[in-house]
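Participant: One structure is given below, represented as structure tokens, and several questions about it will come after.
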Amino acid sequence: QKLIRIRNPWGEVEWTGRWNDNCPNWNTVDPEVRERLAERHEDGEFWMSFSDFLRHYSRLEICNLTPDTLTSDTYKKWKLTKMDGNWRRGSTAGGCRNYPNTFWMNPQYVIKLEEEDEDQEDGESGCTFLVGLIQKHRRRQRKMGEDMHTIGFGIYEVPEELRGQTNIHLGKNFFLTTRARERSDTFINLREVLNRFKLPPGEYILVPSTFEPNKNGDFCVRVFSEKKADYQAVDDEIEADLEEADVSEDDIDDGFRRLFAQLAGEDAEISAFELQNILRRVLAKRQDIKTDGLSIETCKIMVDMLDSDGTGKLGLKEFYVLWTKIQKYQKIYREIDVDRSGTMNSYEMRKALEEAGFKLPCQLHEVIVARFADDQLIIDFDNFVRCLVRLETLFKIFKQLDPDNTGMIQLDLISWLCFSVL
């Protein structure tokens, strides 16, 4: 008789057919064997005949539990490291290697393999480890009509010049010029993809992804290793290289002075509403940027950023600085728009922010896309400018409140509310 032992992970219901805990069939088994195999506990673990198993089950999925699940408390050979992450449409859901323009935007994790296996069973030295990529919450999503995503992962060797660093998110050029050292056997729409590898000691980048880009999802990555392996997320540190414009009125040429006098009128200042009209006329002449001008909200936050005297308007010097910034914004927007569509998609936005001097982690890119992209993941020129101005303003405020560069500030309620309505 062939028997199979099964565990119900919820531990509430057990098999009641042949060879269940109370089945008289156990009376025909040697008492010592019966005592060892048939412990009677309501623990969700039970025996059934293999023929009954084949009759009652039509599909078998291997569930990879943690390495110590079926061992005693005193013996745990394999080490487990676990990390949770997510893919977000338009920012961190870059799809597989078939999509080189977006693949690099997937979450990245560094695995440091330091010690070789003690027993080299196949005669080949190296570090043995398993990588399991699990989709989370898919049962919940299935109730909403969504099926499992098709998932997989790639493993890349970290270049020597970048080893030891965890604050650099590897970019598009790296993946265009570097082959994967290992990868999952396949991309498949199962809850978990798991593969076993052996690699020399060193640092490796793990990139989990869905097969196609723009698939929202949460995941868990588990790394099982015979020896301890360091495993952590790789992401850009927050940086802002903001050029402080030190402009005096003597630096402003006569042509710009005449232009300003013509635009500003008798009060010699430009309000947000006047600025909106000016920019509408200027941008209407551009064929390479699709825009109807800038919204009054964007114009107001631009005025607020540069209004040093609190009048709510821009004087000559302030307007000159703003005009220089707008020209810079136009240049970046045009250069990043590689398909010459006159617009920018959310994936191009990450590169545009870097060109503007901002390095941001994935979490912030997710927030920016949610805030400034439309449902087609397009970021128009108005939202692009508004995003840059808000970021610059927030960085400058933080710097003023943190003169010692500690990376932390304290705010009272009124200050928090004032900054929140920017």
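Glycine too: its Cβ is placed from the backbone N, Cα and C atoms.
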Participant: Which range, 12-26, 237-251, does Swiss-Prot list as region 'Linker'?
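Facilitator: Going through 12-26, 237-251 one by one, Swiss-Prot gives region 'Linker' for 237-251.
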Participant: For the Ca(2+) 4 site that Swiss-Prot describes with GLU14, ASP21, which of these is also annotated: GLU32, GLU35, GLU45?
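Facilitator: Only hit among GLU32, GLU35, GLU45 in Swiss-Prot's Ca(2+) 4 site, alongside GLU14, ASP21: GLU45.
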Participant: Nearest to ASP380 (Ca(2+) 1 binding site) in three-dimensional space, by Cα, is which of the binding-site residues GLU269, ASP339, SER341?
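Facilitator: The smallest Cα gap between ASP380 (Ca(2+) 1 binding site) and any of the binding-site residues is with SER341.
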Participant: In the same chain, which residue numbers or ranges, 6 or more beyond the ends of the domain 'EF-hand 1' (294-327), come under 8 angstroms Cβ to Cβ?
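Facilitator: For the domain 'EF-hand 1' (294-327), the nonlocal Cβ contacts are 245, 247-249, 251-252, 256-257, 260, 264, 267-273, 275-276, 279-280, 283, 381-382, 385-386, 389-390, 392-393, 396, 422.
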Participant: Taking 8 Å from the centroid of the Cβ atoms of ASP337, ASP339, SER341, THR343, GLU348 as the cut-off, which other residues in that chain fall inside it around the Ca(2+) 7 site?
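Facilitator: Output for this site, in sequence order: ILE336, VAL338, ARG340, GLY342, MET344, ASN345.
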Participant: Nearest by CA distance to THR343 (Ca(2+) 7 binding site): which of the binding-site residues is it, out of GLU269, GLU274, ASP309, THR311, LYS313?
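Facilitator: If we rank GLU269, GLU274, ASP309, THR311, LYS313 by Cα distance to THR343 (Ca(2+) 7 binding site), first place goes to GLU274.
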